[in-house]
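For reference, TrEMBL has these:
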{"type": "BINDING", "residues": "R80, R124, I125, G126, T127", "note": "phosphate binding site"}
{"type": "BINDING", "residues": "Q203, R205", "note": "substrate binding site"}
{"type": "DOMAIN", "residues": "40-289", "note": "domain 'Nucleoside phosphorylase'"}
Amino acid sequence: RENFIHLCNPHLEKMKEDILYHFALGTGTHDFPTLFGDVKFVCVGGSPSRMKAFITYIAEELGLGSPGCDYPNICAGTDRYAMYKVGPVLSVSHGMGIPSISIMLHELIKLLYHAKCSDITIIRIGTSGGIGLEPGSVVITRQSVDATFKPQLEQVVLGKTVIRSTNLDEQLAKELMQCSKEIGQFNTVIGNTMCTLDFYEGQGRLDGAICLYDEEEKLQYLKNAYESGVRNIEMESSVFAAMCNLSGVKAAVVCVTLLNRLEGDQISSPHDVLVEYQQRPQKLVGYFIKKSLGKV
């Protein structure tokens, strides 16, 4: 049997119409199976411009569309998120932080369910701070851990704390690692990713508006993280992993590191270098999609 999206919400079956408010889409106004039924790969990332660049890149890689072709934003009716599609690939922005990606994922998962999509792979591509890695290294997440290095997401539901698993698909991570070896253009590792609730204090930076710890305490914390298996830090992977697990979707997180946090807190690489770094997860995931479709 094909692997369809699993919805952990019996109430949706009782609704005559499902309005995906933050996408400006709805089952009463849009034909989801016609629009999205052929989707097999979904790539999500923070910024709308990055996800538009990805869909343009993957269209060229798959030989779909013509050079210079413009891809319309499917969610043009809202400024919350942006969505682009070419062939079996959907590219969606999710904003910054757990709350923003959580809202997007609720509606994305429902979209894929209403479209009757099957055998879906969802991959988050993005940037991160590395720990003990050279800038420009790509980290494929083994499991997302919280700021205490536990592989879990704590969420308060109806006033009660719920703990959810943040493991990611092990086989998918191995396949992505093999793709990186075949590309052979940049350093790639599989490691744990720490997901924090904040960019500054939550990640042990010394350069925020508030900082009540010293550099020695910061370095000890980051070294403890490294020893626990953490290789990079970002702000979305835990809820991404948890929600994909609950929905029965194969998922992976592929992030490039923009700096080594053991050597500093601020990103100082030139703009053109950072642009090239940010293209590395795109290249890896693009190659994986091509290989999965037999086009390599």
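Cβ coordinates come from backbone N, Cα and C, glycine included.
Automatic prediction, not curation, is the source of TrEMBL annotations.
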Residues R80, R124, I125, G126, T127 [recorded phosphate binders]: greatest CA to CA distance in Å: 20
Residue pair G126 (phosphate binding site), R205 (substrate binding site) - Cα distance, angstrom, rounded: 20
Rounded to the nearest Å - Cα separation of R124 (phosphate binding site) and Q203 (substrate binding site): 20
Rounded inter-Cα distance in Å - T127 (phosphate binding site), Q203 (substrate binding site): 14
Pairwise Cα distance for Q203 (substrate binding site)/R80 (phosphate binding site) [Å, integer]: 26
Other CB atoms, at most 10 A from the CB of I125 (phosphate binding site): 26
Surrounding CB atoms that lie within 10 Å of the CB of R124 (phosphate binding site), all protein chains: 28
Model confidence over the domain 'Nucleoside phosphorylase' (40-289) (mean pLDDT, whole number): 97
Cβ contacts of R205 (substrate binding site) (under 8 Å, same chain, 6 or more positions away): F199, C211, K218, D265
CB contacts for R80 (phosphate binding site) [other CB atoms within 10 A, all chains]: 18
Cβ neighbour count within 10 Å of T127 (phosphate binding site): 21
